[in-house]
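Participant: First, the structure itself, so that you have it in front of you.
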């Protein structure tokens with residue numbers, strides 16, 4: 001689950017990480033009141049969406065008068081903000097963060113993620129923070145320092161000080177940087193985050209260390225023990241189909257292609273999408289019905305896929321281990337009739353009750369295209385989507 005910048009800063013504040021004073025605003029009037037409450041002479045008007053790259057996309061503006069606050073708030077609120085993380089369709093801006101300006105002397109970068117290789121927590125930091133951190137990672141990776149943290153030990157004073165010095169924090173500000181780094185680590189660990197990022201972490205002209213931005217992503221599997229995090233959820237930022245899918249315990253992610261995919265198991269789902277692309281097709285979604293799919297779940301899965309007007313064909317790829325092929329066949333038949341299926345449907349089933357499932361499909365009278373291997377299924381669905 002993602003949250004907005006201003007919500008991330010609320011979390012950082014609780015963990016004693018210095019952040020600028022700021023007030024969220026949902027209208028131009030609220031933006032002006034926020035600016036007045038903060039006082040001048042400089043404010044930053046920041047679009048709040050669940051995506052990075054807002055500055056380059058025109059979603060962050062520095063205002064030096066109340067008139068500029070009004071102009072920028074009017075322009076940004078309601079705009080369709082396009083960044084490298086939103087896709088070409090962009091995201092609509094429904095809320096702003098009005099923040100006091102800061103005297104930026106140096107921009108740094110720091111983030112925490114779960115490192116799957118070491119099965120520990122990785123802290124990454126760089127002296128080159130700001131809007132071009134992706135370029136730094138791509139072209140000068142030596143400027144990014146990584147520290148693997150043992151969770152039972154945490155981020156020690158010595159390690160925090162060492163990282164701070166490596167990214168160019170002067171001795172006079174190292175203690176402040178240590179406080180910020182350890183606060184970020186504690187926030188990451190105690191909230192079950194999967195990502196915590198400050199970009200930039202700034203040094204001001206008078207030597208202060210301040211988190212000028214905050215990005216958090218949380219492990220959805222741990223949200224049951226964090227109602228305070230769930231309260232931050234903004235459904236307007238989420239795909240409506242993905243929200244609907246979660247109600248039926250379906251793992252669904254919208255994509256840009258024209259071939260709907262219904263698969264059991266995340267690994268098989270990814271392999272299926274790769275195979276579709278191998279034969280020149282483009283998946284319209286990732287959809288994992290899991291190991292306990294019912295007829296109802298399969299029907300809802302079909303409804304979700306067909307809500308996408310770009311879908312020209314559907315591939316059902318099932319490995320019947322825990323999931324029986326006859327149950328999937330029953331669901332496919334029921335779903336096809338319930339949604340009045342009007343696009344080609346390719347079905348490939350292997351495993352438990354495979355022959356029974358195939359017979360049920362063959363006897364259904366529905367125009368279902370059968371396939372024996374994943375490669376054959378991918379080739380057939382790509383051809384069907386192309387009208388061949």
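Backbone N, Cα and C define each Cβ position, glycine as well.
Copying in the features that Swiss-Prot gives for the protein in this structure:
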type	residues	note
BINDING	46, 53, 54, 55, 99, 102, 107	ATP binding site
BINDING	199, 213	Mg(2+) binding site
BINDING	264, 321, 322, 323	substrate binding site
DOMAIN	9-244	domain 'ATP-grasp'
Participant: Should residue 99 (ATP binding site) be counted as helix, strand, or coil on the basis of DSSP?
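Facilitator: Once the DSSP labels are grouped into three classes, residue 99 (ATP binding site) ends up as strand.
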Participant: Where does residue 322 (substrate binding site) sit in the DSSP three-state scheme?
Facilitator: coil
Participant: Have a look around residue 321 (substrate binding site) and count the other CB atoms within 10 A of its CB, chains all included.
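Facilitator: Neighbour count, Cβ to Cβ under the 10 Å cut-off: 12.
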Participant: Can you tell me how spread out the substrate site is, meaning the largest CA to CA distance among 264, 321, 322, 323, in Å?
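Facilitator: Between the most distant Cα atoms of the substrate site, 10 Å.
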Participant: Expressed to the nearest Å, what is the distance separating residue 99 (ATP binding site) and residue 213 (Mg(2+) binding site) at their Cα atoms?
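Facilitator: Pair distance, Cα basis, whole Å: 11 Å.
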Participant: Please report how many Å separate the Cα atom of residue 264 (substrate binding site) from that of residue 107 (ATP binding site), as a whole number.
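Facilitator: That comes out at 45 Å between the alpha carbons.
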Participant: Compute the average pLDDT of the predicted model within the domain 'ATP-grasp' (9-244).
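Facilitator: Averaged over the domain 'ATP-grasp' (9-244), per-residue pLDDT gives 95.
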